[in-house]
Amino acid sequence: MKIATWNINGVKARIDNLTQWLKDSDPDIVCLQEIKSVDEGFPRLEIEALGYHVETHGQKGFNGVAILSKSKPDDVTRGLPGDPLDEQSRFIEAVFSLPGNRVARICCLYLPNGNPIGTEKYSYKLAWMERLQKFAAQRLSYEEVFILAGDYNVIPEPHDCFDPRVWENDALFLPQTREAFRRFEGLGLTDAIRATTDAAPLYSFWDYQAGAWQKNNGIRIDHLMLSPEAADRMTSAGIEKHVRAWEKPSDHVPVVAYFDFAA
């Protein structure tokens, strides 16, 4: 099974790239972030025509997440628990049946950016991460296949960006941010990419400005975090960076992982 995460940066603007990638890459489950669409405005027909089920948690103009899947999920939950006043559409969970009477819980998340630091936006980022940690701890107690996939807006380590000095005062790379990310690993979650390689550079985002793509001035902020039950079944992982060179691209590219869930 191939599971992918991709910040699409506007699904309507990127629908041609998305459908072409679905045909070429043939993922089984896709977690999309920043769909920037209300649920009823999501281009379902084009995606359903390729054999995918579509589950969305949309928002007009910004944010928004979706899960595309070849098999229909058994259950879908929208919104991250812990703050009933949070109206931003950043989280969706789908549960899928696996062989041997098992399930896979796939969560798609768009973690807040947090900039500028010193404002309520950074406080919101840290509070959101704390809520996600509590949620993850609860889900991990089930001892099931559990994957938190998405745009974390976190650069975990210095070798995950082209020049750490550029990012040292950014919400994506502050020590407090990275410490919060390490707490996910402390819970027992595994970074799919770093479980397969320590190589650098490995990036998932290149800004549209200053020729970042051409210079390979990127950062790695899109992650699949795996429960022990998922990590044990992973066979490989990678970043499909070639799509960044397509016409009218997202500034992010798909990050993928392969699993053997045979009974």
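Quick reminder: no glycine exception, Cβ is built from N, Cα and C everywhere.
All TrEMBL annotations are machine predictions without curation.
Over in TrEMBL, the protein carries these features:
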- 4-252: domain 'Endonuclease/exonuclease/phosphatase' (DOMAIN)
- Asn7, Glu34, Asp151, Asn153, Asp251, His252: Mg(2+) binding site (BINDING)
- Tyr110: active site (ACT_SITE)
- Asp151: active site, proton donor/acceptor (ACT_SITE)
- Asn153: site 'Transition state stabilizer' (SITE)
- Asp222: site 'Important for catalytic activity' (SITE)
- His252: active site, proton acceptor (ACT_SITE)
- His252: site 'Interaction with DNA substrate' (SITE)
Subject >> Spatial separation of Asp151 (Mg(2+) binding site) from Asp222 (site 'Important for catalytic activity') - C-alpha basis, Å >> reply: 4
Original post:
According to DSSP, which of helix, strand or coil covers His252 (Mg(2+) binding site)?
Top reply: strand
**OP:** Would you count the other CB atoms within 10 A of the CB of His252 (Mg(2+) binding site), including those on all shown protein chains?
**Re:** 23
Subject >> Lowest local Cβ density (other Cβ within 10 Å) among recorded positions: Glu34, Asp151, Asp222, Asp251 >> reply: Asp251
Original post:
What other residues of this chain sit with their CB within 8 A of the center of the CB atoms of Asn7, Glu34, Asp151, Asn153, Asp251, His252, the recorded Mg(2+) site?
Top reply: Asn9, Gln33, Tyr110, Phe205, Ile221, Asp222, Ser250
Original post:
In Å, rounded, how far does the Cα of Asp251 (Mg(2+) binding site) sit from the Cα of Tyr110 (active site)?
Top reply: 15
**OP:** Using all protein chains in view, find how many other C-beta atoms are within 10 Å of the C-beta of Asn7 (Mg(2+) binding site).
**Re:** 26
